[in-house]
Structure formats: structure tokens, C-alpha cells
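Here the structure is laid out as C-alpha cells; the discussion comes afterwards.
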């Protein structure tokens, strides 16, 4: 069945892909260059991910091949602000921005396929498998072509992370920032003469030191996940084929003053409110954050990043908190049996195994815009070690939580029907900050508790199959029944 992508919220640079640069208070179909309004590119079988920065959007699509003997490929599409190079050099040259005097006919308010010169950095034949976005930066993870049987003696190549865009806080991860003792490093830092920032920048993962030795000596590196916030990045790495051998690491780079990409204090899962005096303001190349082991308490499943904090999910269901706790965003030590995590700029959200009883979501941190979802506004969870439980209605007992998606200061949840209630449709519930209409409710009023945002009309609507949340934006992928 064909898919469509809906979005709502902040849209000053056309980052919603609506063929408009006006904020949208309701969910509207996204448009892709060269295709009918609301239609995805030909042969799209899945939207693998949607990542958003301050004013730009990246969509990673899985495209089926016309040749049945060949596997699917991926395509990278983008829209919105590309002035910092976050959508590539060709986009920056070809696409006009709102309010500019450019005579270019190509507008930033529709998705267009990004044509990136991968051959220039030795990545011809590589496929993009993961995407992430910072404030004005884009991170793309590429996997190498599969080795042929005749290549049995050839070493497996590494996955490669490519960064594009701004680098004021070491966002690109390629080095070249001033040393940390320079007073001007935060607001006036300028890259050194080398390395040169290019259209496509390979992040030197292999140079990260582990016990004095570079990662490149450990084997072929596989990127399991990448998470980016405004100005810092966490990456989960493993050695190819080592999922059961304890060879993995969490590394990070970017803004670092609050300890959000530093190893946690020994023997603790969350740092104190105090900021370590040893934390550099900027870490401009990947540095080690955590080392994986064989047991459940030292193996990692997922990472979440906020503005000044980071959270890592252990296989044991416990969490590791890093960085600032000024808003109570790291009051997570009491949580257990966690199965998924997410972070807003100043909050942490966890899905816990509830065995179908009660609310499976826990929240802690800033609540200035009702983003904790507990029915009240204004008080952050700074003193209490207890997390909030967003208030969902009893009607959702017939559904199970499929996905939690955290935006800048709002949250989306996707609920799918249990097998015993298969006649019901999936539902999307959301809460929190709504200044740009990003909850899709037709208003700009914040939602203090979860409210159903899709489907929100009596008329039949396509089933929601995935959700994402960004910087004042929300996204829903829907499956359109054949024949409609």
C-alpha cells in the first residue's frame, strides 16, 4: 500500500515540505519534487527516518528496485534551510530561501532528492542507513557494499559517518576548533586552517582512542545508532559480527561543557547537579563515553540526547544519565525495566514494561510548557527523584504503545491496536509545547496532558504507521489503502 507523510508546526524556511513557508497548525501532506502533491517518490516502500534541525529536514527513504534480483536502495531527501550547507552544496546553490532576492525557481518548501558527490570521498556504492540532524548540521551514516564471495580475503570496510553544515560547536566532529583554554571558544570560535570544512566531511571514528589505541585497530566498525541534538552527538559503535562478544562503544562529540558527552563518574548512573570543571566547552572529534561489556548492565541498546544532557539505555533496563540536571532531566535513577527512551531539550522520557497495566511512559525535567504530560504546567522535576506519569485515557487500554518520539519540547506517541482489538485504528497522542501548532490540533495552545492528534476527525483516515518529532515540528507516516 502507498505511503504519505504528514507534518505540522514551525515552517519559516519551508521545512515542513508543504509548498509553503507558513506555520501549519494541522497535519498536512508533504510534497516531493517531481511527484503529485502528497505522493512519495516512486517505489518508496518505507520511510526509514525523519530528522530535523533548526529549520531543515532530512527524510531517509527505502526504495524498491524495478529489478527483482536486486535489493532495495535508500534515497536522502531534504527541505528547508540549506544556507549553512546542511543539505549539501548543490542544494545551497540551486534552492532559494524565503525572503531572498534570488531569481532561482527552486523553492526550499518541497522535499528534493539530495545529490551528494559520494565518489569524491571514496563512498561510491555505499548506502545511507541512518540520519540525524543538529541545529544547522546533518549527519549521515553510510554502510559499505556487501562483499562478494570472491572477496573473501578482503577486510570488511567500516561504516562511515558524513557530516554537513555548521561547525561552531565542533558539530561536524572533524576537529579544527581552538584549544579549550581560549576565552573566546564558545561564541567566537573559528575553525583552524586544517582540517578544511568541505561539502561532505568524514568523521574520524577510527581515530578515537580506547585505552591508548585507536578504534581503527579493533576491526570493522558498524554504527548501530546515531543521536543528535542542538550541538552534540552520541554514536553507538560495535565491531562487525561482535554483537555477542562485548566489543562496543558509545562515543560523542560537539558541545560538552555540561558533561553530556563525558564518561559518567565511576559507580554512578547519573551525575550530580554540579558541572565538572574538567569538562571542555567543545569536543571537536569523537571521544570515548562508555565501553560495552558482556553483561546486561554494561551493554547498551539506545541513546537519547537533549540540549545539555544525554541518556543511554542499558540492556538491563536501567539508564545512564550524563550532563546537566538543572531541570531534573536526570532524575532517572529510580527507573527500571525501561524498553525505550527519548529526550526533549530539557527532559527525559522512558517507556517501561508495564505488562499492560497502567501508563507505560515516565517523564522528568522541564515542565514550562506542560511537556511532562501530567496535566499541570510550570514546575520542573528538579528536587523529587520521582518521575511523572502522563495521563492517558482508559480508551487506550485496547492499544499498545508502539513508539515514543520526542521533539524540542513536545512528545508524540504512536499506539497500535492489540490483536484482540484488530478492528480499531492506530492512534497518535501528543502533549507539550505547541507555539507553532506542532501538535496539529488547529491551535497554538500547549497541551498539558496527552491528547489524540491523529486521526482527529470523524471521516476515515489512513492508518498511522510511524511518527517523528523535531524542532517545533511533528511528522506522521500514513499507509493509504490500495485504490484510494
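Note: Cβ is positioned from N, Cα and C throughout, glycine not excepted.
Worth saying up front: this structure is predicted, and the values here are computed from it rather than measured.
Annotation comment: TrEMBL describes 362-383 as region 'Disordered'. Residues or ranges marked as repeat 'RCC1' by TrEMBL: 3-63, 359-417, 426-480.
Helix, strand and coil content of the region 'Disordered' (362-383), in residues and according to DSSP, is 0 helix, 4 strand, 18 coil. Mean pLDDT, taken over the repeat 'RCC1' (426-480), works out to 95 on the 0 to 100 scale.
Mapped onto DSSP helix, strand and coil, the repeat 'RCC1' (426-480) counts 0 helix, 29 strand, 26 coil. Helix, strand and coil counts under DSSP for the repeat 'RCC1' (359-417) come to 5 helix, 22 strand, 32 coil.
Look at the repeat 'RCC1' (3-63): DSSP puts its residues at 0 helix, 31 strand, 30 coil.
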